[in-house]
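According to TrEMBL, the protein carries these features:
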type	residues	note
BINDING	R15, H16, G17, Q18, T19, E20, G21, N22, R65	substrate binding site
ACT_SITE	H16	active site, tele-phosphohistidine intermediate
ACT_SITE	E91	active site, proton donor/acceptor
Amino acid sequence: MIQIGQKAIQIWLVRHGQTEGNKLQILQGQDDGQLSALGVKQAEALGKRIKKENFDIVFVSDLARTKQTFELIQKHHTKQMIPNFEPLLREKHAGNIRIIIWCFVGIKFSFTQKNGCRIRS
């Protein structure tokens, strides 16, 4: 909740559902991706959970995975929400990158396109 003068503004942040790339541990960056079966279930569940919430304005990234998530949420919502598709909501662009994550958190490693992930001592 953000207080601006006498008014309180509530901001909701929603991440897209799981994608096929997420399932394969692929960093998708700004590439489009489709929701997996689990991602569809996640979006549907959130849509049902927040169906009676009143949103004055909705911003959605212009990527396919976020549009698909929004549409599945909207399907259950009692009030029609008109999305503002915004490319500035995409994650930071790191180049043309589709790297599979094979490394484990907490282990020191180095990564190169040529050699992939290598554990360091």
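Here the Cβ of each residue, glycine as well, is placed from N, Cα and C on the backbone.
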*Looking only at G17, G21, the binding-site residues on record, which one has the least crowded Cβ, with the fewest other Cβ atoms within 10 Å?*
G21
*Tell me, if you would, which residue among R15, H16 (recorded positions) has the fewest other CB atoms within 10 Å in the structure shown?*
R15
*asked:* What does the structure give for the C-alpha distance between R15 (substrate binding site) and the residue listed as 'active site, proton donor/acceptor'? Integer Å is fine.
replied: 11
